[in-house]
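Undergrad: So that we are looking at the same thing, I have put the structure below in structure tokens.
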């Protein structure tokens with residue numbers, strides 16, 4: 001009698017196991033909320049005086065937090081838009097386009113001149129770039 005030899009290869013988990021998907025989702029969400037935390041801190045300390053006119057410190061802070069709120073408005077609109085394109089042209093290319101848009105917007109916000117340099121265009125461009 002012959003017996004089949006059992007291989008010593010360990011059992012592997014599939015690439016899209018629930019644990020792996022949950023871990024990736026957690027990491028992505030943590031990075032996103034860290035971004036919101038950093039921007040909220042910058043809005044409270046820096047963005048108001050740099051990007052808005054010197055009317056009052058309260059108006060500057062409220063205007064800075066308004067730009068912070070624009071990102072919460074952009075999230076569902078972006079998910080609907082990129083979800084549509086993800087279904088049409090594929091998830092990978094849509095993810096790359098989304099990450100590229102976020103990276104370019106973040107870089108341009110960092111390079112954006114303040115209110116003293118370009119006047120009213122500074123808060124307008126900040127809001128447009130924050131939406132991206």
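Cβ from N, Cα, C; glycine included.
Automated prediction, rather than curation, is the source of TrEMBL annotations.
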Undergrad: According to TrEMBL, which listed range is transmembrane segment: 4-23, 64-83?
TA: 64-83
Undergrad: By a Cβ-Cβ criterion of under 8 Å, what residues six or more beyond either terminus of the transmembrane segment (64-83) are in contact with it?
TA: 36, 39-40, 43-44, 47-48, 51-52, 94, 97-98, 123, 126-127, 130-132
Undergrad: Checking distant contacts: for the transmembrane segment (95-116), what same-chain residues at least six beyond its ends satisfy Cβ-Cβ under 8 A?
TA: 50-53, 78, 82, 85-86, 122-123, 125-126, 129-130, 132
Undergrad: I'd like the per-state residue tally for the domain 'Major facilitator superfamily (MFS) profile' (21-132) from DSSP, helix first, then strand, then coil.
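TA: Counting residues by DSSP class gives 100 helix, 0 strand, 12 coil.
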